[in-house]
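Just passing along the structure, written as structure tokens.
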Amino acid sequence: MDSVDAVSEIEEGWFSTMDTILIGALIAVIAWYYFRGRGDNEDVPPANIHISSSPLMRTSDRSDDSSFIGKMKRSGSKVVVFYGSQTGTAEEFAGRLAKDATRYGLKSMVADPEEFDMNDLAQLPAEIDDHLAIFCMATYGEGDPTDNAAEFYQMLIDQELDLSNLNFCVFALGNKTYEHYNATGRYVNKRLIELGAKCIHPMGEGDDDANMEDDFITWKDEMWPKVCEFFGLDATGQDINMRQYSLTELTNPDPNKTFTGEITRLKSHLPDKQRPPFDAKNPFMSRVLVNRELHKGGGRNCLHIELDITDSKIRYDAGDHVAVYSCNNPELVEGLCSMLGKDPDTVFMLTNLDEFSSKRSPFPCPCSYRTALSHYVDITSPPRTHVLKEFIQYASDEKDREQLVLMTSTTDEGRAAYQEWVVKSARTVSHVLEDLPSCRPPLDYLCELLPRLQARYYSISSSPKEHPSSVHVTAVVLQYETLTKRINKGVATNWLMARQPTQDQQYTVPIFVRKSQFRLPIKSEVPVVMIGPGTGIAPFRGFLQERDVAFKRDGSVGKMLLYFGCRQKAHDYIYQEELEQYEKSGLVTLRLAFSRDQPEKIYVQHLLAQDAALVWDLIGKQNGHLYVCGDAKNMAREVNLTIIDICRKEGDMTQQQAEDYVKTMIQKKRYSSDVWS
């Protein structure tokens, strides 16, 4: 071997070793970076908060222009309002804040965090001297961020951004009937401060169980003087009409370029245009297979609906939710068009006056007024005060104007008047205009002002183990008389009730599935206690189907104890035959509360208290799982108190120990809730 070969051989060996060391070091750095936000430190949100790997987190769909700073510079914006929204309220509030900013002479833009690189927050102070970032952050589920904010939320957890000199404020949206009230907004506010950002006004909190609108108005009315002081502006603002969109009515519209109810992509509802994956922006047109009545009397309706997902590539688990896009009542649509003097079949466009806005139109355009009011605009919820404020200029009668001025004022008298006349009386926009006959705003402006019609979510009442090609829905049809003696009807359930398939008539429904953490234990031998009165039984029907498959396969499963309640056994004991057959087979033990079949009312929490020893044996001694589904405001709260009391008495604990035990169950996913208010 000559010297050159010897040196070459030594160098090859040396670099091979170095390569190994470098690769190992690189892996270690990556591992440290990935896990550093997940340790036992205060930066991590509560353990029960789960960041869903939802199909809605579509990072790859983000536009090439992913810098919100670039858009702010091009538009001359000083204020950016981010929103995390699941039902549209936070997005609506973000738009209102952006409009308010304009009234104070501040150019602003609204931004969906899903569409931008939120790491740019660190560069915002250096790029735009006088800036303000506002965050309207909703919480849903078990303290989770909304789908469109999940990636931003995870970024805050994982990364140690330098946000010094970032000016911000937060408004959190939630519901106090849920345990993790405003968990997302609170964490965002706390984490931004920890990363060095400057909070220029204390976080606001909106409670949907009380008066979200009042909470929001109170907060923003206190915030804007602080913002104006910060920017050195006049805090009085300009009370002017701020139209965001311009109207164009088309005389000869092209039918091939006119939207007829599609959520985003033109003609996407047609069978040959359907493309997976299906989600909120691209729903699957599911055929209605079954639509039958579950109640046997009593004057109310409860639907069992089976929706076909064959060839859709949609996958679901028992406990997930299915979202349904529905339509407003045609009579309401026709009535509104007639009241405001518009042909419902006139095709129109609303175009954003801000050329830099990422939102070109408030909904898919061009479309007819009929389409807009049927598919895109929420015309049945009580209109918020900012909508009524815009109505003032269109009221010709002094009495009508005074009524609107009072209800939109920030005085205690004005807030009480709005609460009584609009909220408690459940007046829709049509009712408001009927009762203020001189007030006739342009229909296109109404379409701009009112919020988007949102998808309705239902707990899936089936298991893919038994029904792999369909999802089942169990829903009570909403209908009630208001204080003004009008009959209000729920949008989605009444629309679904009318979609009864026959041999000659088939119906399709736009749907997508949202993943949930409401899951059976992985091991089928783990006992479960299920509490689900009324339609709260929906996910437990799926659980029973899933365990039944395992029961027939293995011969045994963990004990299943189901608490179900309704008003009267003869009228609204839904799925009676199925449940009794499951009990007969030995799969489940039923505990039934028929609240109105005896002089004293009996609810599921009363049966739980009667069964204290059995319940404690399952959840305390056998480490079983407990599930609650249904009304959050009353039932779920009473059940929670009952479970704490059972733990205290049967587990020989103090009150504090019992409360801590239940909290630990929740954190370890042994106590799960799927509730609504």
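Cβ atoms are placed via backbone N, Cα and C, with glycine included.
So TrEMBL has the following annotated:
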{"type": "BINDING", "residues": "85-90, 138-141, 173-182, ASP208", "note": "FMN binding site"}
{"type": "BINDING", "residues": "ARG456, TYR457, TYR458, SER459, THR474, ALA475, VAL476, TYR480, GLY490, VAL491, ALA492, THR493, TRP676", "note": "FAD binding site"}
{"type": "DOMAIN", "residues": "79-224", "note": "domain 'Flavodoxin-like'"}
{"type": "DOMAIN", "residues": "281-521", "note": "domain 'FAD-binding FR-type'"}
{"type": "TRANSMEM", "residues": "14-35", "note": "transmembrane segment"}
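I would like each feature placed in context: is it buried or exposed, what are its neighbours, and how far apart are things?
Spatially close to GLY88 (FMN binding site) yet at least six residues away along the chain are ASP378, PRO451, ARG452, GLN454, judged by Cβ distances under 8 angstroms.
Around VAL476 (FAD binding site), the C-beta neighbours below 8 angstroms that are at least 6 residues distant in the chain are ARG300, ASN301, CYS302, LEU303, THR493, GLY534, THR535.
The residues of the domain 'Flavodoxin-like' (79-224), classed with DSSP into helix (H, G, I), strand (E, B) and coil, number 64 helix, 35 strand, 47 coil.
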If you measure from the CA of TYR178 (FMN binding site) out to 10 Å, which binding-site residues from the list ARG456, TYR458, THR474, GLY490, ALA492 are inside that radius?
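The binding-site residues passing the 10 Å Cα test: none.
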Let me check the 10 A CB neighbour count of ALA138 (FMN binding site). How many other CB atoms are there?
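I get 29 for this one.
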So if I measure Cβ to Cβ from GLY141 (FMN binding site) and keep only same-chain residues at least 6 apart in sequence, which ones fall under 8 Å?
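Residues satisfying the criterion: SER516, GLN517.
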In sequence order, which residues at least six apart in the same chain have a CB under 8 Å from the CB of ASN175 (FMN binding site)?
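Listed in sequence order: TYR181, ASP207, ASP208, ASP209, ALA632, SER677.
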Pop the Cα-Cα gap between SER85 (FMN binding site) and ALA492 (FAD binding site) into the table, whole Å please.
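Here the two Cα atoms lie 20 Å apart.
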State the Cα to Cα distance, in Å, between TRP676 (FAD binding site) and SER85 (FMN binding site), rounded to an integer.
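Given the Cα positions, TRP676 (FAD binding site) is 17 Å from SER85 (FMN binding site).
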Would you count the other CB atoms within 10 A of the CB of THR474 (FAD binding site), including those on all shown protein chains?
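Here the count is 23.
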